[in-house]
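Here's what TrEMBL has on this protein:
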type: ACT_SITE; residues: Cys362; note: active site, nucleophile
type: BINDING; residues: Gln235, Glu285, Asp334; note: S-adenosyl-L-methionine binding site
type: COMPBIAS; residues: 445-458; note: compositional bias 'Polar residues'
type: REGION; residues: 421-468; note: region 'Disordered'
Amino acid sequence: ARGPARHAAPPGPVPPGSSYTEIGNTNRALLPWLFLQKQKYNRMCCPIEGVKASPLQTEYRNKCEFLIGTGVNQEDKTVGCRLGKYKGGTCAVVEPFDTIHIPAVAKKVVKAFQDYIRSTPYSVYSPETYEGHWKQLTVRTSRFCRNGHIMAIVYFNPQKLSREELADLKAALAKHFTEGAGKESSITSLYFVEEGQRKSPNLEDLPLEHVAGDKYIYEELLGLRFRISPHAFFQVNTQAAEVLYAAIKEWAELSQESTVLDICCGTGTIGISLAKKVKKVIGIELCQEAVQDARANAQINELSNIEFHCGKAEDIVPSLINVLAPQNLITIVDPPRAGLHSKVILAIRRAEQLKKLIYVSCNPRAAMNNFVDLCRAPSNRVKGAAFRPVKAMAVDLFPQTKHCELLILFERVEYANGSSAEANPDAAQVAAEGDDSENLDGANPANTDANQAASVATDTACKEKEST
């Protein structure tokens, strides 16, 4: 999952039988198609191509975030996983050594780090009193080269420590992992973050200090090499990501005349994996570190037909689509949990030459607004013909949990004359839409076909996953 959401709160799931009467709230023109689809696909709006398994079922996570707190039996300075939510009244932390989804190399780093902090005079940070120092450990691992790469990021509240005391602490920490007992954990990259009272809720906004080893780790995916910096997004299950990207390539039906618009591209993995099959790839990403990695990754893999833009997708997409208008475009979006900004959806809807969109979602219920807005009827604000879901697939990126990645292919609705230009809605349709068609932020998105499709798709995928 990607970082904090920049969108509305997720709506709840929709009962499967409800959309017959409620679909008119967003797009009555899709009712005949919807009726046929539901007859074909067991009351769902599109076929679901099952759940593709992860090649690795255990020890698959390449990024793990561990809290530092008091153990279940009051052990001091315990590094691991919190047993419950803080707002639920528990701050107890349990060591991760018995978990099956965390790799052994990450557990080794946790043990070495826990031994080290227990030898220091600095206490654990308390979210209740705001006192103390040690806060969090993030471990990123890769399978690149024979021994792999390991990055550790330490989060520490400096409180009132002097610059000299902090410098001594960082030096001692680096020495522990490069010359001392922690050397056996084989860390190749070590960072230190001074995290006081945050001005932003995002860990990505905190300044990083490189204290030992290499600045980056590297990973291999689909025969390509990728550079990963501390805060850059990379799928947490590399081998399952290969399955996901292979499915995207198949669904995209690319040619040497295609241009791929990769929105929320992270370190460029999706676009780079497709670049040799297309004319051009354009990636958009908010995180500056990730964009720097993406550009480096394009160079590492000797790709010259790919470019990356740093900024909010809602600011960049409208102008880009205008420039790319004459080209054969396909858009792939892989946004944070809550989905794309409504302005991006508006821009995609207006770009009539864009016929196909592949949506990758790690939390479909949270992205419901996007699904609904892609499918709602044209209006004064929502220009351009609607999309409709054509097929869906789940990929088990998170084995041993109920979560999975959902892939949905949307295609532009074509009218009888072969045009996708918006039709003038009749009076009945306008009446049915009311004010809802103007509300692109999805005040009531739960009453829609697209919402039901994603909800049922998610539930079906989860049930199928649990039965395997």
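Along the chain as shown, the residues are counted starting at 1.
Keep in mind that glycine also has a Cβ here, set from the backbone N, Cα and C atoms.
TrEMBL: automatically predicted annotations, no manual curation.
Cβ neighbours within 10 Å of the residue listed as 'active site, nucleophile', excluding its own Cβ and spanning all shown chains: 20. Across the structure, the residue listed as 'active site, nucleophile' and Gln235 (S-adenosyl-L-methionine binding site) place their CA atoms 10 angstrom apart. In this entry, Gln235, Glu285, Asp334 make up the residues listed for S-adenosyl-L-methionine, with the farthest two CA atoms of the set 15 Å from each other. Cβ neighbour count for Glu285 (S-adenosyl-L-methionine binding site): 27 (other Cβ atoms within 10 Å of its Cβ, all protein chains included). Neighbour list (Gln235 (S-adenosyl-L-methionine binding site), Cβ cut-off 8 Å, at least 6 residues apart, same chain): Ala241, Leu244, Thr269, Leu397.
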